[in-house]
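Novice: Just dropping this structure here.
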Ligand SMILES: [Zn+2]
């Protein structure tokens, strides 16, 4: 069972906390970033290293985001079944959470989503028969029966039921925005909603899966959302709402649409639940979404920035001076710069290495440089991930102290 409580609310912005029955005594402060994984692993990082590197304060913010298509491929049902047998023989308590044990993520709650924030457009597509997704081994199909079976084995703390997540390209022209004349939804959207309703109903029946996120599909219209929820016997099982189709939407449309969607949710029985969003990870987008009331995020921003040899340096407090978002450590101006990447940052990279050293590694095309930037403690103390988590901490603090608006406005105005 997952529960959500709001600690402080300021307009639509709020600070809250999530708790899970499987992890008693722990709470997870929102707004928060769920840690991105690829094929069940935090990129370049072993779970042990990750655990050692994340400071105690940050442990309270760590929820691991796993991708269903990865898990379906590997470990998959067969491996997990034999692992369960092994745990039974050993009479291990890990049998309660076999997936967490297998991935060495026992200390963290996990969320299983069918959308990969890195490939929001093509992670999960669908035709009339079934949803399908891309994996390392190629395109794979699934169906509600095998999805349920796998989830029953995996026992994630939060679970997104199967739905059609393939309408990003048409959604923004079809939604009824407030004040606009009603437009007829396209056939594609109607089909998407119909399929999704069917699959959500079928995959919300995983025994013991009381922690479902309700996926708001194709920006479901208020009347159809209400109707679906009224008919659904599972409404009591939903523990959150996933706003999923904002991946490639132009920012000028996204803001109005997000507002409209959140209003729709607030008018239903799901109004008190936390709001999750997929694929919105740029700090500007995060601030915008937090302002609208979104609580939980996923994304690959820290890793993507590091891939280009960049270190995040955006401000973590209200700052009146103009500052850059990121620092290009490949730039020749750092060749003799012996300062840390970001002065005052307590991460392993900044404590142990200089800009000149990382510049040298990047230009010498050595692996270590990207490793240092992306992860925390020799593949682990990543400056960017740490900085990103500090960014969410700064957001929480600013909401608690009533200065979020000022933080957001100065951040957007003064960063380049
Ligand atoms: Zn640092």
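Placed from the backbone N, Cα and C atoms, the Cβ positions cover glycine too.
Predicted automatically and left uncurated, TrEMBL annotations should be read as such.
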Novice: So TrEMBL lists 345, 347, 350 for Zn(2+); which of 163, 282, 383 goes with them?
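Specialist: TrEMBL lists 345, 347, 350 binding Zn(2+), and from 163, 282, 383 it also lists 383.
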Novice: Using the structure shown, find which entry in 345, 347, 350 (the binding-site residues) has the sparsest Cβ neighbourhood within 10 Å.
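Specialist: Output over binding-site residues 345, 347, 350: least Cβ neighbours within 10 Å is 345.
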Novice: Within the domain 'tRNA-guanine(15) transglycosylase-like' (13-414) only, compute the mean pLDDT.
Specialist: 80
Novice: Quick one: what's DSSP say for residue 345 (Zn(2+) binding site), helix, strand or coil?
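Specialist: Residue 345 (Zn(2+) binding site) sits in coil per DSSP, no helix or strand.
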Novice: Starting from the Cβ of residue 383 (Zn(2+) binding site), draw a 10 Å sphere and report how many other Cβ atoms land inside it.
Specialist: 30
